[in-house]
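Heads up, the thing below is written out as structure tokens.
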Amino acid sequence: MAVTLTPAGSTARRPRPARDRHHRGVSRWVVLALVTLGALVMLVPFAFMLLNAFKSPGDYSTGGPLSWPSEFYTKGLRTYWSEVDFPLKLWNSTLIAGSVAVLGVVVSLLNAYALGIGRVRGRLWIVGLFLLANMLPQEALIYPLYDAAKQVGLYNTRLAVIIIFTVIQSAFGTYLLASVLSTFPRSLLEAAALDGASRWTVLWRVVFPNLRPTLAVLLIFFFIWTWNEFLIPLVMLIDNSTQTIPVALASLQGDRLMDAPTTNAGSLISLVPAILFFLIFQRTLARGITAGAEK
Amino acid sequence: MGRIRRLVAAVALAATATTTIAACGGDEGGDGSDAKTLKLWHYESANSAMGVAWDRAIQIFKDEHPGVEVQFERKAFEQIQQNAGMIINSSEGPDIMEYNKGNATAGLLSSQGLLTDLTDEAEKRGWGDKLSPSLQTTARYDDKGVMGSGNWYGVPNYGEFVMVYYNKDLFDKYGVTVPTTLDEMTRAMDTFVSKGVTPLAEAGAEYPAGQLFYQLALSKADRAFVDDYQLYKNPVDFKADPLKYGAETFADWVRKGYVAKDAASLKAEDMGTAFISGKAPMIVSGSWWYGRFKDEIRFNWDSFLFPGNKLHAGSSGNLWVVPANSKAKSLAYDFIDITLRPEVQALIGNNGGVPVAADASQISDPKDKKLIENFNTVSQQDGLAFYPDWPVPGYYDVLVSGFQGLINGSRTPDQVLDAIAKPYADGVKEITGK
């Protein structure tokens, strides 16, 4: 890919392909400028959030969202932290999103192994069904889910949310992994079979190691998606002690009034765990995205 | 081998599920005179008038019921708004909670049998005497869930009404006095316009525009109109006064520049901050702003009743309701009773709220006192006319889009009235079956 961009004109002083990043001409700087601009545009909302998180409500109302705060106001942050009992919500969110990420990946892998490598009859239909289940709007599912959870006694428990999201996320995971696995090199599988490996051994010793980068990305996506979910946790978790961070954030919005600075402060605190998570795993993410490209 | 592990996993999952069921299926209570806990939910913020007053009420309740544990949780408005039905239809719900008044909320749940009938308690404890008739309207619902008559299903603690907030400094600067009639109000606004100031901040994208229209219509209305419009006593003609007058006057106000054309896309928050920042001399909006204005405004300001009107948009505030599944009903009744006591009611008033059963003489701050006196005047002359979007489900959006068109000049009053008449008629037909 990168080689095609190299200007092959006679102006190049040396025959060496332009690997040297300082000699690639003007277009490189243009691209860099555009990317920087794009990054800045992306950062603007965060800048606003940061600006308003440290502004007092009165300051916000008189000066508007763009003004510079007249004092460094941290009461919003503290109010949010203590009023919603943030550490507890953080634990709930982590527990739910973490469990869903791990369970979802395991279920997806098992399903996909059966569909992609096991070559179950009618697998195309099954995969299609999974995709459909994934695309169904959550609003349509909410009443049946509520009823089912109530009848098995899981309403208002974190387990209910974990089970629901494990199913929802693994529907997508199954779809994705099944198509990945259907292109899995047959020769590898046959070699393993010749060595007398059972299906289980093939999964763990042959398929799993090869899929690890993809699974890691899936894990991270499941975690972040589940972390950000709002509607199902809102409906299923009614006690303050079981609620997740997005639901806690919603408690700052009143009937007719809103408290913009505190909402900003809350968003800021709520965003920190997600950013930390991303920073820790970004290497894995990048590796996973390019994993398939090198073949 | 794989099969065995999968089986083990399934059994493990089933086992966890059953233990949770066993853990949940514990206590089933009767009317709960011997209950030892009261699970109480509301969604007012801790420093709001209601938050402060109800904290005190909880304290009084604890003092009077030693040995009873109060499990209070502050909920998100959104959560109660969206899920109240699901929550109280389960055994996990509260014993008493704050809930929104109106046909689509408390009315709907009462008609589904999810709320406890409070009529006997209301009679026994004299709640009916403490609340004026127009406040009781939102506390009582018939078997179809239509407010205004039937059994008590909720008890309001505070009221709300739409008034005019004004910037005293700007009034003084431009030599404008507080108007007492609609004509004087128009003249006052003319003065501002002639000085290049838009007198009225508005918000076309949310409730304020609909409320201004309603307020204007009410200036030509009587109680019979409100009963027709809100309680479906008789069909309402949108092409006749008072609604016609309301829409035409609104359009007139826009044309004369009392309301800025770009207000069509503004939200209530924008309108509020325009007033707080001292840019707008006046806004027409509800008492829910009062506490915030008191905290945040640095200039001199005050409020007056919409000039000349006998009827005002407004109602009781949200209600205390006792879910049918409540395990501590008699404790819940005791708590409601405490919230109506003068001490708690005065706390609402002294913190910038509008108590329903307060003695204005107990309110210390003169501005608060005036607010409560104004409300008491309205309430006692049976002047609360509810809100324009109440009669039929989904009407809020109809009104917003209608008056957005009126403010930005894309529709005539006639077209707006047509646009809002049909959804109203359809909705009423669905509710009453006529």
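Any Cβ shown, glycine's included, is placed from N, Cα and C.
Positions annotated as domain 'ABC transmembrane type-1' by TrEMBL: A:90-281.
Positions annotated as region 'Disordered' by TrEMBL: A:1-20.
Annotation source TrEMBL lists transmembrane segment at A:29-51 (among others).
Marked as transmembrane segment by TrEMBL: A:90-112 (among others).
Positions annotated as transmembrane segment by TrEMBL: A:124-146 (among others). Counting same-chain residues at least six beyond the ends of the transmembrane segment (A:124-146), those with a Cβ under 8 angstroms from any Cβ of the stretch are 111, 115, 155, 164, 167-168, 171-172, 174-175, 178-179, 231-232, 235-236.
Within the chain carrying the transmembrane segment (A:158-181), a Cβ under 8 angstroms from the stretch's Cβ atoms is held by residues 92, 95-96, 99-101, 103-105, 107-109, 111-113, 115-117, 123, 127, 130-131, 133-134, 145, 149, 207, 211, 214, 218, 222, 225-226, 229, 232-233, 236-237, 242, 244, 292, all 6 or more beyond its ends. As annotated by TrEMBL, transmembrane segment applies to A:158-181 (among others).
Among the features that TrEMBL reports, transmembrane segment is placed at A:202-227 (among others).
Nonlocal intrachain contacts for the transmembrane segment (A:265-281), taken as residues 6+ away from its ends with a CB within less than 8 angstroms of a stretch CB, comprise 49-50, 53-54, 76-77, 79-81, 84, 86, 90, 93-94, 216, 220, 223-224, 227, 245-246, 248-249, 252. Under the heading transmembrane segment, TrEMBL lists A:265-281 (among others).
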